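These features come from TrEMBL:
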type	residues	note
TRANSMEM	27-50	transmembrane segment
DOMAIN	43-294	domain 'G-protein coupled receptors family 1 profile'
TRANSMEM	62-84	transmembrane segment
TRANSMEM	96-124	transmembrane segment
TRANSMEM	136-158	transmembrane segment
TRANSMEM	204-225	transmembrane segment
TRANSMEM	246-265	transmembrane segment
TRANSMEM	277-296	transmembrane segment
């Protein structure tokens with residue numbers, strides 16, 4: 001598969017190199033990522049269906065959780081199927097058109113930014129529920145939930161607008177091989193022939209705005225939750241609550257840590273292979289972990305799942 005010659009002013013298509021350096025492990029990686037992807041789909045679809053069908057879960061917390069599940073499905077589906085096709089070596093599996101590449105980057109950034117904002121909204125919901133229970137109905141009404149969710153989606157949609165516009169103004173006249181498993185900004189900028197300074201500055205400022213705003217809101221919410229939990233007199237209840245918070249903060253730290261590493265900088269990382277491994281965590285692993293972390297210790301969701309499966313088994317008979 002030969003790259004395009006360097007005398008072009010615009011690329012018709014790019015070649016996604018993926019994990020070419022791990023050629024001998026191609027089959028193992030294909031099975032691994034396919035398994036993670038299918039688990040992500042099943043987990044998130046189960047949450048959407050269970051919350052939609054069980055009236056006991058028609059509450060703000062689960063309203064936000066269904067939005068998160070929808071995001072996770074789209075977030076992984078925009079990158080993983082193309083990566084899996086590349087592992088199989090199917091015709092055109094590694095090739096992506098110029099328009100398709102920018103579209104993939106736009107959708108991925110849109111959904112990723114929306115998820116950051118939605119995680120902040122979910123943290124606020126938990127803060128009000130735990131620290132201000134008497135005011136929960138007033139502060140987190142259905143109207144407020146709808147406005148919060150709409151603001152998250154709108155904010156996410158606006159996030160990639162300027163960066164993608166600036167990317168579309170760049171000239172790509174050299175090699176067309178992207179050393180990544182999807183069209184991310186940094187490996188694309190490495191192929192540009194024109195000045196990428198304004199694009200890098202815009203990427204940094206937009207990324208910092210979304211990441212800092214959402215992470216500060218999450219940290220403030222969980223900080224107040226922890227302070228409130230420390231006042232609990234019942235040791236068992238305190239341990240259980242801390243265990244749940246630790247699980248939430250663990251997956252949030254993984255998600256935000258990898259995002260800050262990848263996007264809160266202006267230059268391409270010195271180790272491209274390491275950047276791809278980091279990208280796997282925020283693009284593939286955390287969407288699989290989020291449904292488990294947010295529902296595994298939740299007795300209401302587990303109870304709803306049990307009722308759904310028992311009802312299905314009874315109807316099957």
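Yeah, the Cβs are placed from backbone N, Cα and C, and that goes for glycine too.
Heads up, TrEMBL stuff is auto-annotated, nobody curated it.
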Grab the same-chain neighbours of the transmembrane segment (62-84) for me: Cβ-Cβ under 8 Å, and only residues 6 or more beyond its ends, written as numbers and ranges. 16, 18, 30, 33-34, 37, 40-41, 43-45, 47-48, 51-52, 93, 96, 104, 107-108, 111-112, 114-115, 118-119, 121-122, 125, 142, 145, 148-149, 152, 181-182, 283-284, 287, 290-291, 294-295, 301
PLDDT averaged over the residues of the domain 'G-protein coupled receptors family 1 profile' (43-294): 89
